[in-house]
């Protein structure tokens, strides 16, 4: 996941024929298909190294597919004037999470793991077939006028793409909101693993209830995305992000209420409380990424969509890793262990306070999702890649001026 920018640069710079998005989606789908079909063939209780190799191969394929898909959505949205296309993609992602949780629970309870692997392999085979059968040129409108073809080698092409990425993330309109988002994720210690152990070991909750709470969380995410798509133009981005961050901070306190058993005093059982509120903070945290995804897709220079969005994804992944390490350190600092959860409420309160800190530099967030910065950068002749080392630069014809 952290290596995503490399996949983004390759997708932006290197073409297969006249396509540079769908081929990478096909490659990623094939890697996942190979991985999960192999997992289905490995005997239960088989050697651990082959299973780990299959999982790593699947994660690599998923990362490549995700990078190319994000870039494809961003490109298509800009070319067709659909600036909010990312929100529809987010809806599809949430709907997929709902279906995935439902089907996963069904197969875990009613079938062997091998059958689940085979079903997933069949879905990947459908994805691979559809991506191979689709011509990428059919997804885009007719090419703009005034194309100037410049021949470049593959090494020059890759070097130019890295340079374009560095230039893009150096722009204040991109770097400032990116800094804020990464810091807002990295600064909050992650205690979800500790909370899960408390729920299963101390409260003796069935893991299936916690799994169903993830489904409720995806439903919340889908509902929030639909509302955002309908009303986002009426709310300034900085104000929206401020309220999302405040909501996220207070949603963390739902775990504090559970640990203090205040829900029992209100007549709410632990099962019901966890089912409907346990995944609230996670859903809000995921929803916070949506406005930034739309912003970066709008501001990404032509030909740099894959690189920039991949860098965005890898930065968030790195921030989550840092948050995980901080969570381990916090648990050790306040004395939380598998035998003693008495200090867990104090850890949750510190987590709540950490979630409020990013509001101190909320000025890094733009007031609106403007594309003015993108128009300014377009004058710098950010270049697009063409098959096997050809470079395409957008230039305006004098007679059109």
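Numbers run from 1 along the shown chain.
Glycine residues also receive a Cβ, built from the backbone N, Cα and C atoms like all the rest.
Note that TrEMBL annotation is computational and uncurated.
Long-range contacts of the transmembrane segment (88-109) within the same chain, counting only residues at least 6 positions beyond its ends with a Cβ under 8 Å from a Cβ of the stretch, are 69-70, 73, 115-116, 119, 208, 211-212, 214-215, 218-219, 221-222, 225-226, 229, 290, 293. Under the heading transmembrane segment, TrEMBL lists 88-109 (among others).
Residues of the same chain lying 6 or more positions beyond the ends of the transmembrane segment (115-133) and with a Cβ under 8 Å from any Cβ of it are 22, 25-26, 29-30, 32-33, 36-37, 39-40, 103-104, 107-108. Under the heading transmembrane segment, TrEMBL lists 115-133 (among others).
Taken from TrEMBL, the feature transmembrane segment covers 178-196 (among others).
According to TrEMBL, the feature transmembrane segment maps to 240-258 (among others).
Listed by sequence, the residues of this chain that lie at least six past the ends of the transmembrane segment (273-296) yet keep a Cβ under 8 A from its Cβ atoms are 70, 83-84, 86-87, 90, 174, 177-178, 181, 184-185, 192, 199, 203, 205, 209-210, 212-214, 216-218, 220-221, 224-225, 228, 232, 237, 240-241, 244-245, 247-248, 251-252, 254-255, 257-258, 263, 308-309, 312, 316, 366, 369. Among the features that TrEMBL reports, transmembrane segment is placed at 273-296 (among others).
What TrEMBL records for 308-336 (among others) is transmembrane segment.
Sequence annotations record features per position, and here TrEMBL assigns transmembrane segment to 348-372 (among others). Within the chain carrying the transmembrane segment (348-372), a Cβ under 8 angstroms from the stretch's Cβ atoms is held by residues 83, 173, 176-177, 179-180, 183-184, 187-189, 191, 236-238, 241-242, 245-246, 248-250, 252-253, 255-256, 259, 291, 294-295, 298-299, 330, 334, all 6 or more beyond its ends.
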